[in-house]
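Asker: Have a look at this one before I ask anything.
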Amino acid sequence: MYPLDINRIACIGAGFVGGPLGAVIASKCSSVQVTVVDKDPARIHAWNSESLPLHELQLAEIISDIREHAEKSTECVKSRLIFSTDIQTAVQKAQLIFLCIDTPTRTSGPGSGFAPDLGNLKRAIEAIARTATDDKILVAKSTVPSGTSQVIRMLFEQHCRPDVKCEVLSNPEFLSEGTAIHDLLYPNRVVIGSQQTVSGKDAARKLAGVYQAWVPPSRIIFTDSLSAELGKLAANAMLAQRVSNINTLGTICEATGARIESVSQICGLDPRIGPHMLKASLGWGGGCFQKDILSLVNATRKLGLDQIASYWESVVWMNEHHKLNFQKRLVSCMGGSIKGRSITVLGFAFKKGTSDTKNSPAISLIRGLLACQAQVIIYDPMVPAKQIITDLHLTPGELERTTISHSPYSACSGANAVVVATDWDNFLCELSRNDEAQPLNWEHILKVMQEPKFIFDGRNILDCDFIRKLGGRYVRVGSPSEWDQLPVASL
Ligand code: UGA
């Protein structure tokens, strides 16, 4: 057991990690006051309003429970969770500061296209160091290259008062978007990397004391910072590689007649392999996999390990190839040209449960369809139209051929083909009904579509027989279809 010595925490960055993390700590540690700060006033305003800046299951409930509880209680509980732009006050009060700042891939300068941009993180550390009037524990949550904790420590020491000290911990976040609250409440591991000194280990125990309010001690792993940082990049690289593995096998199945679900099941039931991240799709996306693999590639290349860098880089290229392959298959099934054809894309988020669109496979698919002169209609239940337009970077000509629809039924009306690009539960057929979701009425969709009524299932979530009975030409990833131009071969 580790004592809970911390009662004032700040989270710097109110994004996908900082907001949910702050809310979960405030809900689980009643003696801790959490302040989540961000320099963007609009984002903080949203956190303080009824409509939160991001959609995550259970997040709104957790925050409203904390607020409701605060309204009913005495002044000490009133401010257990604060969202604010006042970084100075938050830093001065906090004993422990979580750094939850985004580190996107650099678009210019050294390492451009590969290395993460640590600019925002560095500016935040300088600001924290200049503001701090007493010792701090800084906890790096952002995914960063191995060795960054050391850089954070040096930066802090350069800018802080001579009597102020800091310990830097690496505590990478493993939550997935869409299940963030569940992942925070029931993590399969909490990794705490520290300097292997007395004060470093002491800081690590203090952080463990916070987590221990809801995480079993057996799930808390103590290690050095280098390993913690590398471990996070490695986990994402391996997960992305698994999805790419199954997707390459899916393409083999399309050419041979083998069934990808069976292949996944055969592999996944081996406990040494396990069943997760083996669902074939039109490609993986999100803000983390690509960024983290490229960061690993950059760091590996800097070590002079070129072959190892190329090995990991090929996971990213394989995903690009796979996304293109999906698009080519669609065109080929539709007779080799989709010029002037009306194609509806259902789903724009990179996966279900989130409104995040970063590196969504839908983006490159839609860009490809437009490049082939198709008319594209897009529907997503969560992603705002403005976001879709921003992500697509359309030319005026492409914009004219693009429609964003607010209803799946009007989106599919008159379509020659419908592509399921995101695995939203409400896209499911009635036959594979999931109790919580309101399934789409595919009977109606097939009625309002135009011939040849292709349904390309990029997530394998629809019921093949059902769609075919309704008159749809159903094509899914990882299984051959009679419209494929490829001959069925045996390997
Ligand atoms: C990923 C990791 O799973 C988290 O552990 C990690 O903390 C996070 O990155 C991060 O670094 O912040 P996330 O990007 O939210 O989480 O999404 P995943 O659920 O991993 O999915 C990534 C992509 O792979 C999605 O496009 C998803 O649809 C696709 N996918 C996933 C498949 O195509 N098949 C699968 O079987 C699983």
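All residue numbers here begin at 1 and follow the chain in the order shown.
Even glycines carry a Cβ here, placed using N, Cα and C.
Here the structure is a predicted model, which means the values were calculated and not measured.
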Asker: Which one of K93, K122, K339, K351 goes with F174, L175, S176, E177, K232, G285 at the substrate site, as TrEMBL has it?
Answerer: K351
Asker: Which one of T131, T133, T143, T256 goes with D38, R43, T103, E177, K291 at the NAD(+) site, as TrEMBL has it?
Answerer: T143
Asker: For K232 (substrate binding site), which residues of its chain lie six or more apart in sequence with Cβ-Cβ distance below 8 Å?
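Answerer: Result: T143, P172, E173, F174, V191, D292.
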Asker: In whole Å, note down how far the CA of G285 (substrate binding site) lies from the CA of T103 (NAD(+) binding site).
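Answerer: The Cα atom of T103 (NAD(+) binding site) is 17 Å away from the Cα atom of G285 (substrate binding site).
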Asker: Across all the protein chains here, work out how many other Cβ atoms are within 10 Å of the Cβ of L175 (substrate binding site).
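Answerer: Step by step: centre on the Cβ of L175 (substrate binding site), count other Cβ atoms within 10 Å, giving 20.
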Asker: How many Å lie between the Cα of R43 (NAD(+) binding site) and the Cα of S176 (substrate binding site)?
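Answerer: Distance between the two Cα atoms comes out at 21 Å.
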Asker: From the Cα of D38 (NAD(+) binding site) across to the Cα of K351 (substrate binding site), what is the distance in angstrom?
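Answerer: Spelling it out, the Cα of K351 (substrate binding site) and the Cα of D38 (NAD(+) binding site) are 26 Å apart.
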Asker: Sequence gap of 6 or more, Cβ distance under 8 Å: name the residues on the same chain that satisfy this around E177 (NAD(+) binding site), in order along the sequence.
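Answerer: Spatial neighbours, sequence-distant, of E177 (NAD(+) binding site): F16, E56, G286, G287, K351, G353, T354, D356.
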Asker: Among D38, C288, K291, these being the recorded positions, pick the one whose CA is nearest to that of S176 (substrate binding site).
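Answerer: Result for S176 (substrate binding site): the nearest of the recorded positions is C288.
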Asker: Let me make sure I understand the structure: which of the binding-site residues listed (T103, T143, S176) has the fewest other Cβ atoms within 10 A of its Cβ?
Answerer: S176
